[in-house]
């Protein structure tokens, strides 16, 4: 960072100067501020910062042709044509590139942009399969107002970067400038206009864009994002070191090539719901472009090769909600209820006609409200795809990185579980798998795990709603061989860049084996990607490449799509009576598909209904006959059984044969489908099973018809011919045996038989025509509640505390007799009710009721919840279906034909609303017991007290006070560690006595800073080498060597100075300023100004009792004496004219060679004459006085002040 002008002439304050010394300069200046707040949000990384470490630059992209030549500065779709016309540029031929042959060549776009010193040539093609034909964007207002406009996706593009076709991916929109993702193998870029709404100004000098880059070693977007209730993982900083090799291997083995469209494509038609918080953040004028760009990225994620299936995410409808509706759907802090509200809302938006353009398979809801705990990004049911209510997800929108959240939650709905939770794919979590419990995927590093692929393949075939294609099949015919349109020179340019062409430096035996390319600047340096040229590439006059060989092309080897042949005649009927089916088939042989051609689309069979006449045995049950056939052939549990028909509860299993044992009641699958023409359900007399699938048939006998019978069996009737019959019979047991009560005629429907009072008797029913009992024979009474099939209909029998009930929807195919098996002499009373067509009534039947509503009726069930908890709301009556006989609530389907009463409205909760307040939960245990990363979290919610002593969560904006903190640091003490000593350094001298040093660090098991309780090992020691050689160069001169060894001394202790290494001198001229010496305790400043700080500490700490600051015991310690004393051999030469003097407080001594005197550190020393002469008696070094004076006035003042404090301390 350059200093501001005049900085040398002004005095900087110490704090500012310290920042100038310690802070590194920024990589680039920030972009200019936007014009308004809306632009400010757009200028930041999409949806907020991309995370710490994201770099940004300004760039001006331009539109080019396929060769990278400038076409226009206009990049927006709205003005691109005008820009080209303004320049009157000649038409430029823009051929399509490999992998993008879905559209006309003229629809491709090419852009050049320079990002961080790299010139990128973007090759784009329209993403024509993101927005379905007829898709709309709907604005739902506060008072039920709705505004609908067409949803256009004409400015959405996907593609790659030239030269990196297999290792790059681009998803951009050019609605208003370029916005979206540019992904390459090792890094990713986001690009968006610096300011929006300036497309009209592009033609003059281009348009400034912001480009963000995330390096491959940085954490993923926004850090790990919690999904569902996933547990936190290790930090990415530690993972980057441990997974470096694995990521390199994974990146090299996993290709991100864009998939070609396959015949087994699945299309998820999406309703995208957006609440008001998202609209307000992005702005009404920009939200549509943002949503299309976001979903374009989601679509690219589902096109990744690792998924193992080709799934298209197709937008059919976008709904933007008002503020009031948004607040009613999202319940703060309650993700389960919020998801239920969103799914219910999406279900209500569904179009009733499945053929409608806006009919959706799946709903995605985006919000910026905090619907769950802190960090929760999404919520979704598992395996809910195609379900009318459960196929929905709730997602927290937070910029383009939310694309991974949407993909993750939609993966749950498709049946995928979290990686590492219940499966064995935990090893793929750290590599950036989409279904990780925490979002760790990034645009340069993401994939679907092997478990996700397996779980998807397990369920995908059952999602029938994904099989239809919302797009019209009017695409242009694809070339039979792609190489027919590209020469080898063009393919070399696609592979290696501009200028490259086919290598001619050597002749290969067959040029179709591998494509070799070279540049004219170095024609003898040929390169290849070890792949052959495209099939159809011309390789010799009249010859073309095909499957790696240069051959003559003949019609029999070209790609050929299949086509259906003629239908065969209809075969025989599957049944002789009771309605069967007959089939006809066709073959895909006109012609057969060949050489990779498409197979025929559609079903290979067709069927018709046949043999519709009733069977002679009116009581025959076709499903029962199929089960009965196994009585003699199928043993279960080493025993034979009498098999009865059973209807499976799952509608998808009803065309598979399940039978129930009469002896044990056990239900067994016969592992086969029912015969064609079997009724799907006993509740539907017309729909039939055809090849394992239930085909809807109306009562009019038309396949696919929705026409139904009324309550008494009239097809399309209005119940006008229906009559209700009821009665009550009371009998007293007079003898043993059955007591006959009454008969119910054939044709009766909606039959209900019930005891008036609970008794010990047993109800029995007999088929009058066959004489066989269908319920409770005298010697075989089963009083347990059950559902069974008899006489071709399903019966429900219940015994509730001795009160028996029997009912069936009918119709009865024969008359039944109702009897009672008496137990005791208690009177028994039975009531019965049923509906029957008036033509089937007996003339003398006096129990006919004229009204149709005698069996069931609508009754008040409860009041709906109040629309407001306070401040005056409203609630409405909710009705349920009630049986008149006993006033029990039953399924509302029984009252479907009755007119429902109009709801009644009333006021509720008129009391005034209380002021919401912040409510905090208990702090959770600290995430760490020691170290520097411990954190505690707690829940913080805005709660509004209600009048009934309950509370509810509301939006944070309703609380006036400052939001309490939800995270805080904890347990930040250093962890226990152990001393680790390094190797000893070389001796400080080459001869004589010196010192050695070594680093001693306190480290924990994971090699982080720690605190050690044990005594620290020594960091310095003496070393003794051989005696130094004498000076024989000038015998007339005499030299003396004073050997001085440092050793701890209580009077002159050694001081510790913490640093990361030996001081190499000051690194800034500002270090000499005494006013900055107060910052020497800061490690960063001490390292920067180590020399000045050492001098300052030596002068101000005479006794050397400075202790290292708390928590800093992990640095390398360098031992230095408190006052400058010699640590190496010091040579003293006597002057010829003056007596020899030693300036170290020399005095007389009695030391001799035999009795050496000890010096200031109790180390024996000797004074050696270099020529064995007698040493001067006054050459004895003494301990220097700590009170010596200095010429520096300021330093002397500090020394005097310290001396005074020391003297006062002694007194």
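Just so you know, glycine gets a Cβ as well, placed from its N, Cα and C.
Keep in mind the model is a prediction, meaning the values are calculated, not measured.
If you look up Swiss-Prot, you'll see 1-29 marked as signal peptide.
Under the heading domain 'Peptidase M12B', Swiss-Prot lists 266-470.
Residues or ranges marked as disulfide bond in Swiss-Prot (evidence: similarity to another entry): 343-392 (among others). According to DSSP, residue 392 (disulfide bond) is assigned to a strand segment.
Positions annotated as disulfide bond by Swiss-Prot, on the basis of similarity to another entry: 386-465 (among others). Reduced to three states, the DSSP call for residue 465 (disulfide bond) is helix.
Summarising the annotation, Swiss-Prot assigns Zn(2+) binding site to 408, 412, 418. Following the DSSP three-state reduction, the secondary structure of residue 412 (Zn(2+) binding site) is helix.
Positions annotated as disulfide bond by Swiss-Prot: 425-451 (among others). Under the three-state DSSP scheme, residue 451 (disulfide bond) falls in the helix class.
A strand conformation is recorded for residue 517 (disulfide bond) in the three-state DSSP classification. The disulfide bond annotation in Swiss-Prot covers 492-517 (among others).
Look at Swiss-Prot and you will find 503-526 (among others) tagged as disulfide bond, backed by similarity to another entry. Under 8 Å, Cβ to Cβ, and six or more positions away along its own chain, residue 526 (disulfide bond) finds 503, 505, 506, 516, 517, 518. DSSP assigns residue 526 (disulfide bond) to a strand.
Around the Cβ of residue 545 (disulfide bond), the number of neighbouring Cβ atoms within 10 Å comes to 26. The feature disulfide bond is assigned by Swiss-Prot to 512-545 (among others), with similarity to another entry given as support.
Neighbour list (residue 573 (disulfide bond), Cβ cut-off 8 Å, at least 6 residues apart, same chain): 580, 581, 582, 610, 611, 677. As annotated by Swiss-Prot, disulfide bond applies to 573-610 (among others).
The annotation disulfide bond is assigned in Swiss-Prot to 577-615 (among others). Under 8 Å, Cβ to Cβ, and six or more positions away along its own chain, residue 577 (disulfide bond) finds 611, 613, 614, 615, 616.
Its own atom aside, the Cβ of residue 600 (disulfide bond) has 19 Cβ atoms within 10 angstroms in the protein chains shown. Taken from Swiss-Prot, the feature disulfide bond covers 588-600 (among others).
Per Swiss-Prot, the feature region 'Spacer' maps to 723-851.
The average per-residue pLDDT of the prediction over the domain 'TSP type-1 3' (914-971) is 88, rounded to a whole number. Residues or ranges marked as domain 'TSP type-1 3' by Swiss-Prot on the basis of sequence analysis: 914-971.
Taken from Swiss-Prot, the feature disulfide bond applies to 987-1023 (among others), supported by similarity to another entry. For the recorded site, residue 1023 (disulfide bond), the DSSP three-state label reads strand. Cβ neighbour count for residue 1023 (disulfide bond) (all protein chains, 10 Å cutoff from its Cβ): 16.
If you look up Swiss-Prot, you'll see 991-1028 (among others) marked as disulfide bond.
In terms of DSSP secondary structure, the domain 'TSP type-1 3' (914-971) contains 3 helix, 20 strand, 35 coil. Checking each of the disulfide-bonded residues 386, 492, 588 against residue 451 (disulfide bond) by C-alpha distance, the shortest gap belongs to 386. Residue counts for the region 'Spacer' (723-851) by DSSP state, with H, G and I taken as helix and E and B as strand, are 3 helix, 70 strand, 56 coil. Closest in space to residue 512 (disulfide bond), of the disulfide-bonded residues given as 425, 588, 1012, is 588, taking the CA atom of each residue. When each of the disulfide-bonded residues 425, 991 is scored by how many other Cβ atoms sit within 10 Å of its Cβ, 991 comes out lowest. Calculated from their C-alpha atoms, the gap between residue 987 (disulfide bond) and residue 412 (Zn(2+) binding site) amounts to 67 Å.
Within 10 Å of the C-beta of residue 503 (disulfide bond) there are 22 other C-beta atoms, taking all protein chains into account. Neighbours of residue 386 (disulfide bond), defined as other CB atoms within 10 A of its CB across all chains, total 17. Separating the Cα atoms of residue 412 (Zn(2+) binding site) and residue 465 (disulfide bond) is a whole-number distance of 17 Å.
Residue with the densest Cβ environment among the disulfide-bonded residues 610, 615, 1012: 1012, by other Cβ atoms within 10 Å.
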